[in-house]
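Swiss-Prot has this to say about the protein:
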type	residues	note
BINDING	14, 84, 85, 136, 245	sn-glycerol 3-phosphate binding site
BINDING	14, 18, 267, 314, 419	ADP binding site
BINDING	14, 15, 16, 267, 314, 318	ATP binding site
BINDING	84, 85, 136, 245, 246	glycerol binding site
């Protein structure tokens, strides 16, 4: 084994920490994975223990190296990809979190977002950040932590506090507190980042009463930003690539030219389309975001995306398993759903944590409609599976309209992309081929690619992208009229779910 033969990618997700060792062909050589606990202290609240995440991430990194038969000396670089928006504050001197991290799914700041909109800040925030004002993003979560964690605001004003999303937290831990940084893909999900200036917005920080000093510096997505302490993985490894999970997956799917798009089917479901070197203002409440930034001479060059996010995709299947007991394992849903020819007009709207793009209704709730005495668990399973494809099709229609670029195919990844029935549903509802890659680990591969480019492991985007290959293509089978009728029925079901948990007047 020769030195610098591999790249290690850390993939810090919503429900588990993973690590994967890749070779130059983009082949997985070793892997590790650990789930960690989800905390639900109140309805609508979701939290993670950042210390547990760090320990689980360190364990799986060591496991991946063991499984690859590799050591730190065999690694050219380390890349990081992460669940986005999840918000943490910690003490600079000790690295001790002041509270559990507030997860992207958490809705506790919905009322704060409503006040921002009521006070007339919505348009400015959307124009500056590319985001819709929503509790999903980090900005209001950080403001909440500063106002509700005892002593946090005074510590922040004294310069004793650090804020970060999960990438920043892992870099801090890996470098022993030497590096406090993020990349533009993660920064652009905070609602604190000016897409056009490519920097934190002082106006937004003032609006939310957030001291600039607690924010990390912003480094390119592909750049050497520090080195791991030798005690963590047996040697110093350059940390050279960082991107939020959905942007990393888009990079790993080699969506390098405008009009290329991917959908990742995980806990949530996220579709991103490359729109080139300038942000696109959405007319359909989609998000405009940074895909990645690469060094270009003495400057950096950002690639922009439009994104639609579904809060509940695989999580809806988990609810069938854990909440209703309809299936014993998530993988069982495909056979159960395939045991009936259709849903018999049953629709599931999995708005358990509100609705994301293009509706953005934090008060929507999960809805199951169209049931009769003839409805079986198979119909409910099929409706749940179809809801994932329906939400994605709705988003793609908006993306096409915003970008003016028709899609010729959709590249897919994530755990649920292994479900052949779901992928065929997706092709039928989109009317374009759905393509699953040979290497399913697109998110981790994207982080590896960004790190590898920074250290010369791959010489160019073209060299990295050349390894992408299709494993299977799902061709659409439905005519346009059938497709549109199904989408229209879905829109009816979505309307029924909206506003369900909105507080009554005087009871907020």
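Cβ from N, Cα, C; glycine included.
Recorded features from Swiss-Prot, shown on the structure.
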residue	record	CB count, 10 Å
14	sn-glycerol 3-phosphate binding site	22
15	ATP binding site	15
16	ATP binding site	16
18	ADP binding site	24
85	sn-glycerol 3-phosphate binding site	26
246	glycerol binding site	29
267	ADP binding site	25
314	ADP binding site	21
318	ATP binding site	15
419	ADP binding site	22
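Taking the C-alpha positions, the distance from residue 318 (ATP binding site) to residue 267 (ADP binding site) comes to 9 Å. Taking the mean position of the Cβ atoms of 14, 84, 85, 136, 245 as the sn-glycerol 3-phosphate site, the remaining same-chain residues with a Cβ inside 8 Å of that point are 82, 83, 86, 103, 104, 189, 244, 246, 268.
In this structure, residue 318 (ATP binding site) is part of a helix by DSSP.
Comparing residue 16 (ATP binding site) with residue 267 (ADP binding site), their Cα atoms are 11 Å apart once rounded. Taken over all pairs of the listed ADP-binding residues (14, 18, 267, 314, 419), the Cα spread reaches a maximum of 21 Å, rounded to the nearest whole number. Packing around residue 136 (sn-glycerol 3-phosphate binding site) is summarised by its Cβ count: 30 other Cβ atoms lie within 10 angstroms of its Cβ, all protein chains included.
Residue 15 (ATP binding site) has its Cα within 10 Å of the Cα of these binding-site residues: 267, taken from 84, 136, 267. In the three-state DSSP scheme, residue 246 (glycerol binding site) is classed as helix. Of the candidate binding-site residues, 14, 84, 85, 136, 246, the one lying closest to residue 267 (ADP binding site) when CA atoms are compared is 14. If you measure from the Cα atom of residue 314 (ADP binding site) to that of residue 246 (glycerol binding site), you get 15 Å.
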